[in-house]
């Protein structure tokens, strides 16, 4: 079955906000269980999966910096929030009998493994889902940056960016009902038009390494597997 798959190894970027469901803060476990179920569907189809989680449901370093906190310190706190989310997601996934490992860019030996590239790849080869926490381990970098870097390091075929909308638009569709959706768009146009998909430096890294990105809504159950199978609603960013 694996031989017929377009993408055999993927990295899924899940924002912290996606784990909140309709709440204003923290975790909605029904929502997380649905996401875990979608990931299981993908694994059962024969796809190797890695995940990068954000931390915005708990803490946003950039917002704290705006009110006077030292930006580097704020970003480190945000990285710790991603570890909380990774451990939460791991526990929910393991309740569905999905074998997982959490690897953190910030060493926390008593709660998860340190990020070591070869170890992470070995886990994936053994059929385990690897959840990357701690961002890149450096301040002033987004978890989107971590997602692109880890996807490249893991030799993933595609980055799946799960968002609150069903693709990339020329303006915010929540504010502009006439916003135009792109079904495919190249990296250059994302950068030139300053589309707020992810930070532009990260898009440039994806472009340099020819990493395709698919942007889709995580709200629709079953959407992750659909996007990998060229079904459902999404936008593809590639050369």
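Cβ atoms here come from the backbone N, Cα and C positions, even for glycine.
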Given that Swiss-Prot records 55, 136, 137, 138, 139, 140, 141, 142, 143 as binding UMP, the matching residue among 30, 75, 166, 170 is 75
Counting only residues outside 55, 75, 136, 137, 138, 139, 140, 141, 142, 143 in the same chain, those with C-beta within 8 angstroms of the UMP site's C-beta centroid are 61, 78, 79, 135, 145, 146
Spacing of the two Cα atoms, residue 169 (ATP binding site) and residue 136 (UMP binding site), in whole angstrom, works out to 27
Across all protein chains shown, the binding-site residues 55, 56 give the max Cβ-within-10 Å count at 55
